[in-house]
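Engineer: Handing you a structure now.
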Amino acid sequence: MNKFKAVEKKPLQYGLNIQSKKPKNPIKTSIFNNDEDDEEVPASSVSVTNKELARNFSFESKKTKKQQEEALEIDSSVFDYDGVYDEMKGVERRRQEQIRGKQGNDAKKPRYIEGLLRSAEIRKKDLLRAEERMIQHERETEGDEFADKEKFVTSAYKQQQEEMRKWEEEERRRAAEEDITAKKDLTGFYRNLLNKTTASREEAIKASLDHNEKPKSSSKENVEEEGADEASKEIAEAIASGKNITLNDDNQIVDKRQLLSAGLNVNPKVKKASREEHARDRRYSDRRGDERHRNSKGHRSGRHEDERSRLSREIEEQIRQSELRKKEQEQAKVEAITAKMARSSSEQTISDAKARYLARKAAAKNKRED
């Protein structure tokens, strides 16, 4: 019995016998039915391009580094934008903290009493000014009628007049500064508005100057110190972990690969920016909005001054009308008394004339009888 089976083959036929080919797997097209645009680039051209890019990058890096070193030699804090900005805003931040602390201590006190008292004081001054103008107008109308009379002026009245004069001068000066119609351009108006609304500007500038005057080491020295600290830290960690490292005469690691451990060496991820940096960015981006708010506040203060002037004029007009009505009433009383007296005197005259007429008539009758 044969151990091997005979392989069955198809019988040959007359003519050309061609074996059928196995069907190939169909080529899968791209997902969007697009042709591939990637072309193979020779390795030689890739290396030449990489070398050219590295050369240009190193040249630009050296040039930029040289410019930075020259700028740091002139001013060590030339690139410390965040530090200068924090110093400028530190004054305003401390003031706000003081205000919040004061509000916390005075939480039980009324919130709007200061504004109400200030408004009442302004109304009182407006009323006094209107009354003073009314008295001055009456004195002008009287003329020299009471020029020979003695005048009494107290020290309190003099002090009040001096305060009113200073207050009026301050009001006129403020109105002249805020009057944009009397100026050829708006330079002075915006300068005054900026100086008035940014009270902490000089303090912020002073804080930034103090920040620049502080003794600081250059950025280059800081970088070198940081690099030395990192190197010493790496050496200490490697020795503590039992790694065999080789150091040169400058106490530097010869081969950095000795620091690598078995397995995948992954650098730690860079930490995200802290909350303070985000807050600093928000403060920096919101400065435009603060300036627009302060400008609108300055315009509102100008309208408030106009409203106060109009109110003062209305009060003065009301006082004048009241005094005029009093004078008219007194004049009407005097005229009524005069008319009454004239009427009574005319009746007495008529009765006397009638009595004299009757007496003459009786005398004439007696004479005829005789």
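Just so it is clear, glycine is given a Cβ too, placed from its N, Cα and C backbone atoms.
Feature annotation from TrEMBL assigns region 'Disordered' to 19-47, 92-112, 160-181, 202-235, 259-314. The feature domain 'Nuclear speckle splicing regulatory protein 1 N-terminal' is assigned by TrEMBL to 65-183. Here TrEMBL flags 202-222, 273-293, 303-314 as compositional bias 'Basic and acidic residues'.
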Engineer: Reported in the order helix, strand, coil, what are the DSSP residue counts of the compositional bias 'Basic and acidic residues' (303-314)?
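Structural biologist: Its residues fall into 12 helix, 0 strand, 0 coil.
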Engineer: May I have the DSSP-based helix, strand and coil counts for the residues of the region 'Disordered' (160-181)?
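Structural biologist: The counts are 19 helix, 0 strand, 3 coil.
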Engineer: Which residues of the chain, 6 or more past the ends of the compositional bias 'Basic and acidic residues' (303-314), have a CB below 8 A from one of its CBs?
Structural biologist: 122, 126, 129-130, 171, 174-175, 178
Engineer: Can you tell me the mean pLDDT for the domain 'Nuclear speckle splicing regulatory protein 1 N-terminal' (65-183)?
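Structural biologist: Mean pLDDT for the domain 'Nuclear speckle splicing regulatory protein 1 N-terminal' (65-183): 79.
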